[in-house]
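Trainee: Got a structure for you, questions after.
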Amino acid sequence: MMGRRGSSWCRWWVALLVLAVAADAVGCTSVSYDDRSLVIDGQRRIILSGSIHYPRSTPEMWPDLIKKAKEGGLDAIETYIFWNGHEPHRRQYNFEGNYDVVRFFKEIQNAGMYAILRIGPYICGEWNYGGLPAWLRDIPGMQFRLHNEPFENEMETFTTLIVNKMKDSKMFAEQGGPIILAQIENEYGNIMGKLNNNQSASEYIHWCADMANKQNVGVPWIMCQQDDDVPHNVVNTCNGFYCHDWFPNRTGIPKIWTENWTGWFKAWDKPDFHRSAEDIAFAVAMFFQKRGSLQNYYMYHGGTNFGRTSGGPYITTSYDYDAPLDEYGNLRQPKYGHLKELHSVLKSMEKTLVHGEYFDTNYGDNITVTKYTLDSSSACFINNRFDDKDVNVTLDGATHLLPAWSVSILPDCKTVAFNSAKIKTQTSVMVKKPNTAEQEQESLKWSWMPENLSPFMTDEKGNFRKNELLEQIVTSTDQSDYLWYRTSLNHKGEGSYKLYVNTTGHELYAFVNGKLIGKNHSADGDFVFQLESPVKLHDGKNYISLLSATVGLKNYGPSFEKMPTGIVGGPVKLIDSNGTAIDLSNSSWSYKAGLASEYRQIHLDKPGYKWNGNNGTIPINRPFTWYKATFEAPSGEDAVVVDLLGLNKGVAWVNGNNLGRYWPSYTAAEMAGCHRCDYRGAFQAEGDGTRCLTGCGEPSQRYYHVPRSFLAAGEPNTLLLFEEAGGDPSGVALRTVVPGAVCTSGEAGDAVTLSCGGGHAVSSVDVASFGVGRGRCGGYEGGCESKAAYEAFTAACVGKESCTVEITGAFAGAGCLSGVLTVQATC
């Protein structure tokens, strides 16, 4: 009897356990690969992905960004993991706010998308110090990204922390989560041969792969830009503007493009880079023509370098990147829509592309036809790599005209469904509109307060003293942009000198006996510069205070962490009229990081702190000054920016949230690419090949993003500015980002769409002409006007958010030679 009960109970328990295991397995996804593609749940898949970096937006923005990515035809979201954001101090972690990475991945999962986890933990990304914490420099024996125990111990500790967080939240595919790939290290192959220690570099990269695989994440590990000395247990991948001619280092693994650069980052002294929708589509189409399987746009949404996160040095606060979604999350048209059309066509051919046999036929040096066949179906690509001429290509008896630098895709090898150079999507021009809050005054009313510099005008009360000029990052652990170097000397009688300081900057302010006597900053990418200023010493003790400031730390290159910053080594000299120098380099220097108001956290407006502001005449061009104003949040849901034109350089906060560094006084350089734009030919971000640049000769960044979640509706919001270099706040204003003009074009038989989006309606149709030859969207001129087209679009579109009109032969005007109709409307 007891035996039967025991046996029955055992069978019941086993059955319950089986059910529990089965229930736990529901939704679990297997991920493997072969030479054609990733294999997800036993099915070969083409994956279209886009990079969205969670710290470069806010949690409130994430669902909308991810939704738009999915609606744009993407399957996956790719992101780096930002080590120095998550571990700003050793073993002190931050996973809150826009660093809540688990929440970000859950948003991806909720949208029904896959995710690609790029741990690094070195990431480059134009992020401060490439994502590596500055405190690593404090650890004895530390060598970044080489085979040494101090670095590898810290790297493994952080990697394991991130992996365990993802496992605990069931984020990996085998747990039912969205993560289908994980990356270790980043672009190591670009620097591996430049480290002067090939053995250590090789041992390190193989250690990385072994360490990663021991994490048992259940999905493949990848390494990007690792074409040589590739560990056997990772998949190497490509980064670049074009990856069609690249193939992995061995057979049996798929062709993956982890970074297709949709534009380029911006530096304070450079104009805005624009990569055309035609060229990106051309690159993507060629990649899949030549056996590509997974392609990721870097970036799909660039976002904002809030706080002190921008790298470089000299990377701007905006990380817009000319991505399909702009810095604020708006659709960048026609780039977003043109790529969406491409994605739809590629997905319609997925089975044929990943299973079919393929045949390449060359029609000369720059023309290739690729045919994929599977059973009775076929799909074809025709590419024309000539950048200066259109060509006719005959395929299966039919002739197809290909514009220069384009790819045509024929899902049935008969009819062209997509050509990379022929854009059907509208163009949208976004504008900055004045604040429309009901109670908002015409201009902001300011109070101001000087930064308290007096504690730093002597060489007393420092953190420590040293008889040498030290490197800034090591000394400050990058806890502030600012580091004070202070010393004193006794002088007999009065004397006139020239103060000479050699520094690796990035900025320098010099004070003698409490007075600002000179300032300078590095220019043209050369971060070694000199400050020379006349100075008078008085009889007795004289104080010299030098304030060195950084503008983002270097994030890329071999041994980039060894690039010195600050007045390291100097020399610092006082030179008299005869050329005789007093060398102060080995004097007793007192060091202190940061400014007084940083220590008091004035930006947080804490209850115990009283703002001792002056409400009288507002000083302008006064360095080291705080300005404060309140404003009503702009009405509606449009993105908000603050226009800081008139200011020089500093930092801005809204309601205690750091918007980032500002520097609108820095003018973008004039470059040859500012005056020409042609999608044809290989895109370059450097050298003679640059083109399609805008903003030359203008403020490098005038507008700064204020996310809606930073604002309080219906109550006063606080804007706080720290003006470091001296500017004029009188023109500062809040604005909203709205569609200004929308434009489209087409020929007879085409159905074209105009959409303002975001709840905005078309207010007028301004142009409806054939053969428009001058201007850009928002400023088109000329052409042969069509009254019939104007009336049709006015009737269909005005007062509506979106409208679609078919172009008919009835629109053609008498004597109009062109068959292409251009329509421009105002939102």
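Placement of Cβ uses the backbone N, Cα and C atoms for every residue, glycine included.
So Swiss-Prot lists these for the protein:
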- Glu187: active site, proton donor (ACT_SITE)
- Glu259: active site, nucleophile (ACT_SITE)
- 746-827: domain 'SUEL-type lectin' (DOMAIN)
- Asn198: N-linked glycosylation site (CARBOHYD)
- Asn249: N-linked glycosylation site (CARBOHYD)
- Asn260: N-linked glycosylation site (CARBOHYD)
- Asn366: N-linked glycosylation site (CARBOHYD)
- Asn392: N-linked glycosylation site (CARBOHYD)
- Asn502: N-linked glycosylation site (CARBOHYD)
- Asn520: N-linked glycosylation site (CARBOHYD)
- Asn578: N-linked glycosylation site (CARBOHYD)
- Asn586: N-linked glycosylation site (CARBOHYD)
- Asn615: N-linked glycosylation site (CARBOHYD)
- 1-25: signal peptide (SIGNAL)
Trainee: Nearest to Asn520 (N-linked glycosylation site) in three-dimensional space, by Cα, is which of the glycosylation sites Asn198, Asn260, Asn392, Asn502?
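Mentor: Closest by Cα: Asn502.
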Trainee: Suppose we draw a 10 Å sphere around the Cβ of Asn392 (N-linked glycosylation site). How many other Cβ atoms does it contain, all chains included?
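Mentor: Looking across every protein chain shown, the total is 10.
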Trainee: Would you mind listing, in sequence order, the residues at least six apart from Asn502 (N-linked glycosylation site) in the same chain with a Cβ closer than 8 Å to its Cβ?
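Mentor: Asn502 (N-linked glycosylation site) has long-range Cβ partners Val528, Gln530, Ile567, Gly569, Gly570, Pro571, Val572.
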Trainee: If you compare CA-to-CA distances from Asn366 (N-linked glycosylation site) to each of the recorded positions Glu259, Asn578, Asn615, which comes out shortest?
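Mentor: Looking at Cα distances from Asn366 (N-linked glycosylation site), the smallest one goes to Glu259.
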Trainee: Quick one: Cα separation, the residue listed as 'active site, proton donor' versus the residue listed as 'active site, nucleophile', in Å?
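Mentor: Between the Cα atoms of the residue listed as 'active site, proton donor' and the residue listed as 'active site, nucleophile', the distance comes to 11 Å.
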Trainee: Find, for the listed glycosylation sites Asn260, Asn578, Asn586, Asn615, the residue with the lowest Cβ contact count at a 10 Å cut-off, counting only other Cβ atoms.
Mentor: Asn578
Trainee: Hey, how far is Asn578 (N-linked glycosylation site) from Asn198 (N-linked glycosylation site), Cα to Cα, in Å?
Mentor: 51
Trainee: Expressed to the nearest Å, what is the distance separating Asn260 (N-linked glycosylation site) and Asn249 (N-linked glycosylation site) at their Cα atoms?
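Mentor: Asn260 (N-linked glycosylation site) to Asn249 (N-linked glycosylation site), Cα-Cα distance: 19 Å.
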Trainee: For a quick check of packing: other C-beta atoms within 10 Å of the C-beta of Asn198 (N-linked glycosylation site), how many?
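Mentor: Its Cβ shell of radius 10 Å holds 11 other Cβ atoms.
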Trainee: May I ask which of the recorded positions Asn198, Glu259, Asn392, Asn615 is closest to Asn586 (N-linked glycosylation site) if we compare their C-alpha atoms?
Mentor: Asn198
Trainee: Under a criterion of Cβ-Cβ distance under 8 Å and sequence separation of at least 6, what residues of the same chain contact the residue listed as 'active site, nucleophile'?
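Mentor: Once residues fewer than 6 apart are set aside, the residue listed as 'active site, nucleophile' is near Ser51, Cys224, Cys238, Asn239, Gly240, Asn296, Tyr298.
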Trainee: Give me the count of other Cβ atoms within 10 A of the Cβ belonging to Glu187 (active site, proton donor).
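Mentor: I count 20 other Cβ atoms within 10 Å of it.
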Trainee: How big is the gap, in Å, between the Cα of Asn615 (N-linked glycosylation site) and that of Asn392 (N-linked glycosylation site), rounded to a whole number?
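Mentor: With the alpha carbons as reference points, the distance is 72 Å.
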Trainee: Would you mind reading off the Cα separation of Asn392 (N-linked glycosylation site) from Asn249 (N-linked glycosylation site), to the nearest angstrom?
Mentor: 35
Trainee: Looking only at C-alpha atoms, tell me how far Asn249 (N-linked glycosylation site) is from Asn198 (N-linked glycosylation site), rounded to the nearest Å.
Mentor: 19
